[in-house]
Amino acid sequence: MKFLVILTLCIAGAIAHCDKAPFIKASWNQVKHNEVDILYTVFKAYPEIQDRFPQFAGKDLEAIKETAEFAVHSTRIVSFMSEIVSLVGNPAVQSSIDLLLVKMANDHKARGVTKELFEKFNIAFMGYLKSHTTWDEKTENAWKVVGDEHHAIVYSILE
């Protein structure tokens, strides 16, 4: 029931936040091809996240950063984010965003990923965005408002 309430609020919020999409898309377009750097930043900030990936657990981050396996996995993660960003701001496809987030959250929950790990991922990711894009108050607000809605869906499943 909690999930359905959150989902309803997020759908309603999507209509109210169409004005946020240009800021999210503009900043994302500046970093969406930095897949390896984004995942490297997350792993560097939170090694416990790296340890959740069996193919990278216990390995030297500097060494794996240059591997094809790291590049492929980084691209998977960033491509998912790109898909979400491409849909943001269009109320007609809000249910698609919600379904993608639900599937991702369920997949990660099945692997034992916690809300706390997602929060840490987000902290590192947002830090990367802020330091690698043209960042201002409107951009920060857009990411916060839309991000909070998306995180509510994910966290309702991970809790």
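Placed from the backbone N, Cα and C atoms, the Cβ positions cover glycine too.
The feature heme b binding site is assigned by Swiss-Prot to H73, H108. Under the three-state DSSP scheme, H73 (heme b binding site) falls in the helix class. The 10 Å shell around the Cβ of H73 (heme b binding site) contains 18 further Cβ atoms across the protein chains shown.
Sequence annotations record features per position, and here Swiss-Prot assigns domain 'Globin' to 17-159.
Look at Swiss-Prot and you will find 1-16 tagged as signal peptide.
Within 10 Å of the C-beta atom of H108 (heme b binding site) sit 17 other C-beta atoms, taking all shown protein chains into account. When secondary structure is read from DSSP and collapsed to three states, H108 (heme b binding site) falls in the helix class. Shown for the domain 'Globin' (17-159): DSSP residue counts in helix, strand and coil, namely 113 helix, 0 strand, 30 coil.
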